[in-house]
Structure formats: C-alpha cells, structure tokens
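**Q** My questions all concern the structure below.
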Amino acid sequence: NILKMTFKSKMDDPYQNNINQQGETYPTYGGGEYTYPYQADYPPQEEEDAASDVTEGHDEDEQMYEGEYQGIPHPDEIKEARRAARREARMKARMAAEVEEETLPEQYESIMEDCGHGRFQWTLFTVLGLSLMADGVECFVVSFALPSAEKDMCLSNADKGMLGLIVYVGMMIGAVLWGSLADKLGRRQCLLYALAINCIFSFLSCFAQGYGIFIFLRLCSGIGIGGSVPIVYTYFAEFLQMDKRGEHLSWLCLFWMLGGLYASFTAWGIIPHYGWGFSMGTEFQFHSWRVFVLVCFLPSVAALAGLVFMPESPRFLLETARHDEAWMILKQVHDTNWRAKGEPERVFHVSQIKTPQTQDDEFIEIQSETDLNDAWFPDQIKYLQFEEYESNVKIFHREKVERFHFNFTLQNQVHKEGQYIHDRFINIEIRNVKFEESLFENCYFEDIRSTDTFFENCTLKNTVFYNTDLWEDSKFINCKLENTTFLHPKKGCHLNFQEENDILIYLVSFLGSLSVLPGNILACLLMDKIGRLKIIGGSMLGSAGCTFFVFLCFSQWAVVLFHCLFFAASAAAWNGIEVITVELYPASKRATAFGVLNGTCKLAAIISTFTFGKFIGITKIIPIILSLSALVCGGLLAFKLPETREVILQ
C-alpha cells in the first residue's frame, strides 16, 4: 500500500522530487509525462544486489510479520514491554518507600543545622542540667543524712541498710517507668511529672518522724527523680545537630557533678550544726539533718519551674504524626537563635516535613555496661575508721569507784567487772562504751546522751535514771535490775554532731565529686575527635587500674586518693555511654532503651552495695576482684560497639 501511494504521488507530480532537501537538482531521463529523477553517482545495480542478498536463502514458509513494514510491534513484544514496565514501576515504588523512610532523619538533621546552635539550646541546657543536678543530689542526700537520722529515729543496722538502698530501688523503678512512658506521652510531659513527684515527696520526707513513713516517702521521691537521666539526655539530643551532639551532651554531665558538690557542701555546712532546728515537745523534732534534706530538693524545684517554659521535643511530635506542632516548635528554635545572633530577618524556609512510616513494634536488644558503682569506697573508708577506732579502745578491768561525780564524756571504753558505789553521772555523753558484769549500787544518772552504749550481764541496785536515753528494753542486756527506776526517758536518740568521722565522709564525697571535673572536661573535648568507643574503653580500663591499686592501700588517705582517681577516670566512660546510648536507638524507642540501661545500673548499685557491705569487714579482695573484672570486661566489650560519631539520629 505504501509503495502504491508513493507511485501514485509521483505520477501526479513527476517534478516534485527533482529537488532534494538541500535544494540540489537532479537530471532526469525518460522525457514525456513520466520522468524519473536519478543521481549520476548512485549505483542502482548495487542496490538490487543488496536486496537480493537480503532475501537469499529464505523459504516461502518463513513469512515476515506483515505489520513489520508499517512499524507495528509484534503482540509478544507488547506483552513483554508491559511486563517490564510493571517490574520497573514496582522497583521504583520500593525505592521510593526506602527513600521516604530515610528522608525524615536526614531532613530533620538539615533543619537543625538551619536552626543553628544558640540561645534556645543553652536555655534548655540549663533547665535540663538542673534536672541532672537534682538526680546527683538524690544519690547523696540519704547517705549524708543517715548518720544523724539513725540517731534521731533510733535505727538498727538493718534499718540503716534498707534506708541506704531504698533510694536506688526507687530510682531503678523510675528509670524504667519514665523511660518507657517518655516514648508514649512525650519527653517534656514525663519529665514534668517525674520532677513534680520528686519535689512533693522530698518535701514531705523532711517532716516525717517515723522510720516507716520516712522510707516510703524517700522511695517515692526516688521513683520521681529516676526518670531524670533517661529523659534528659534523650530530650536534649533531639535539639542538637550531629556535629554538636557529643560535646554538648558531655558538658551536660557536669551538672551531675555539681549535684554531688552541692550535696556534700550543704551537708558539711548544715548537719554538724545541731542547733539549726526546732522541736515541738518530744513527739516532733526538726533537727539540722532535716534542714539539709529540705535544702536538697531546691534544684528539683528550679528544674521544674524552668521546664514549664520549654517546648516538647519536635522529633517526638513527628513520631506521633503531630507535624504541625513540630513545625511551630522548630520555627521557634530557629527564630530564637537567629534573633539572639542579630539576624532576625532570617526566614525559616521549611514548608513541609516528612512523617515517618509506621513501624511495627519489634524487640530491641539493649546491650548495657553493668555499673558496680563506687559504693565500696566509702565502706572501705568506714571500715578503716572502725579498725582505727577499735585499736584505740580503752579497757578498764575490776575498777572500783565510790562517791565520784562523772562530769566528762566517756568514749570508746570497755569496763569489765567494775564496782560503782554512790556515783553520779550528770549531763554527760557516753559514746561507744560497754559495761560488762559490773555492779551499780545507789547511783544516779541524769541528762545522759548515749551512742552505742550498752550494759551487759550487769547488776543495778537502788539506781535512778532521770531524763536519759538509756532505755530499759534496749540498752540493758541480760541485766539484773533491783529497785531501779527510769523517770522521764528521752524520746529519739542522741545526735553526735561533733563526730570527726562524719566530717571526713563529707570531705571524701566532696573531693570525689570534684575529681569528676577533669574526666568530664577531657570527655567533652575528645568525644567528637577520637570517638565514643575509645573514650568508653580507655576510661573503663583506667578505672580498673585505680581499683587494683586500692588493694595496696592500708590507710584512709590512700583510699581517698584512689577514690578520687577512680572518679576522674570513670567520668569519661559515663559520658561516652550516655552519648552512645542516645545515638544507637531510634526515636520511637530511645527513652525506653535509656531507661532500661539506667535501671540496670541502679540494680547493679543495689547488689554491689549489699554484697560489698557483707565482705568489707572480712576481706577487701572479693570487692576488688568483682569491680576489676566488671570494668575490664566492660572496657574490652566497648570496642565491639558501633561508632556513632557521624551518625544521624534515627
């Protein structure tokens, strides 16, 4: 058909093809009505030969598809092309979905870079730092108040041990609870709840007179402040760009050190002043250690007040499909920073933020380093103090004292088989004194304040106890009381506010907290330069070395020295662990993972405190081996973790 149409066209106008596209003319032949163009250099014979070669060897049965001459594809080719198109469309769809998942973290990082680092981050840094400071204070407050509280509430050794551990139990529960809730309700919202609970129960515990109510209130206070660490680091990290994250999260750790310094300094300045308080009869007493507990909840109050003015994490809002709120907060961060830098005309150009694709819940394996805490350092110091105190005890054997007026302090003494006839003990302190198989006849005790003082297998005849804390049911063991009277016994126990041992504990804690400073500064400067893994591994191995040298220490000040070195070395590891924990887990599970990790640390602190307290009086080898093994294993395992220095928060 095409050939016929072409031929007919030529017959209608025999001259139309005499001019080629370039305007050249060709000679014609044949003359008359039918003239055909030809080109002198065109070889017509070769064309015919070529056509003959093409068809040579083809049978008549092998007919070519008739539409091929018209450019129409074969039906099989059409089907194959459609299949290929569908495969390509599916591939593009999968690639688009993958790009969609990766777009949000990358876009969020770009937005934070555009917002810059300025006034907003520093304001949030201060508020969240106060929350960490409150956490640091909580770890020290009971241990500092305990020597006085045990006298005020007449606590047994078992009660003292429970009171020391209950705070860590509360913080362990709080870390797991608030960490998981922060991924559901929001970082800011849960931190507000946690700090409010801590403030309320810390305040009430200052006035609790009984042991049971006091320990319950401190448990609730610990549950509140337990959410501070996992939420604070998660919250702050989501306002930081990648190149600022490691350094500024490390600087945030300094506030925990400030909490320890604050607690140590205030304890040192308040608790020894026994007169800083008041009493209402014998049923309600508010001594100086309660003033200390009251002062210690102030950082939490300040953090709570500041947090009211802070916004929610926009990264969390994006995870919960609240992208309009996230956009407004990001614009607030952008405008606050650039206005403070003198560029208020800078425009927030982000008009649309990608939302994350919904992910099914999946099990995440949380790999954490066990924290054996440094609890055995104070125990070691106390044990060395006890050994020194025991070595200086004075023993009096078969002494006989008649008609003598005791008006001076009796301290660190043992009296065996003594006789005390018509003696007077008036307005004195009796500390760590034990009377064994002794006779008291016609004696008079008045205004006596005692600590760890007992009468064992003694005989008391015609003796009067007036306004003393020498109680018949607890201070006299297997004693024979004949015509002995107890008048107006004192309520509560005596506070030894002048004991030098307590002052040393405050000083040791103060120096230990202060020694964290060089480790923190080193971690801040090197976190983004050498990476998280080298910081964690090197710091833990250095801490293991300090632990080993404690084995060679036989004096209090040698233990204090390595106590401070241990704090300095381990501080960098803490910083690195907190930074890498934030960076390893996705936004939807970040606070939960951090909470489980921190709860595991508190559990290790509880176990180590209980275990080391049992062994410290027997041998220090076991606590040292346990601590050394944990630190070495943790330091070596740290190098197996993935490096997250240049990783965008997922």
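Just so you know, glycine gets a Cβ as well, placed from its N, Cα and C.
Quick paste from TrEMBL:
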COMPBIAS  21-39  compositional bias 'Low complexity'
DOMAIN    124-645  domain 'Major facilitator superfamily (MFS) profile'
REGION    1-62  region 'Disordered'
TRANSMEM  122-146  transmembrane segment
TRANSMEM  161-178  transmembrane segment
TRANSMEM  190-210  transmembrane segment
TRANSMEM  216-237  transmembrane segment
TRANSMEM  249-271  transmembrane segment
TRANSMEM  291-310  transmembrane segment
TRANSMEM  503-523  transmembrane segment
TRANSMEM  535-554  transmembrane segment
TRANSMEM  559-577  transmembrane segment
TRANSMEM  621-639  transmembrane segment
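I'm curious about the neighbourhood of these features; can you describe it?
**A** Residues belonging to the domain 'Major facilitator superfamily (MFS) profile' (124-645) score a mean pLDDT of 82 in the model.
Beyond the ends of the transmembrane segment (190-210), by six or more residues, the same chain brings 131, 134, 138, 153, 174, 178, 181-182, 217-218, 220-221, 223-228, 231-232, 235, 283-286, 290-291, 293-294, 296-297, 300-301, 303-304, 307-308, 591 to within a C-beta distance below 8 angstroms of the stretch.
Counting only same-chain residues 6+ beyond the ends of the transmembrane segment (249-271), those with a CB under 8 A from a CB of the stretch are 125, 128-141, 144-145, 148, 232-233, 236-237, 240, 288-289, 291-292, 295-296, 299, 497, 502-503, 506-507, 509-510, 512-514, 516-517, 520, 523-524, 527, 571, 574-575, 578-579, 582.
Away from its own ends, the transmembrane segment (503-523) comes close to residues 136, 140, 143-144, 147, 250-251, 253-254, 256-257, 260-261, 263-265, 267-268, 271-272, 374, 377-378, 381-382, 385, 535, 539, 556, 560, 563-565, 567-572, 575-576 of its chain (Cβ-Cβ under 8 Å, at least six residues beyond either end).
Among residues of the same chain six or more beyond the transmembrane segment (535-554), those with a C-beta under 8 A of the stretch's C-beta atoms are 369, 377, 380, 384, 519, 523, 526-527, 561-562, 565-566, 569-573, 575-577, 580, 620-621, 624, 627-628, 631-632, 634-636, 638-639, 641.
Below 8 angstroms of C-beta separation, residues 249-250, 253, 257, 369, 374, 377, 380-381, 384, 508, 511-520, 522-524, 527, 532-533, 535-536, 538-540, 542-543, 545-547, 549-550, 553, 597, 635, 638 of the same chain, each at least six residues beyond the ends of the transmembrane segment (559-577), sit close to that stretch.
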**Q** What stretch, picked from 122-146, 216-237, 291-310, has the most CB pairs under 8 A with the transmembrane segment (161-178)?
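**A** So the stretch in question is 216-237.
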**Q** What parts of the chain pack near the transmembrane segment (291-310), using Cβ distances under 8 Å and only residues at least 6 beyond its ends?
**A** 123-124, 126-128, 130-131, 133-134, 137-138, 141, 144-145, 188, 191-192, 195-196, 198-199, 202-203, 205-206, 225, 259, 262-263, 266-267, 270-271, 276-277
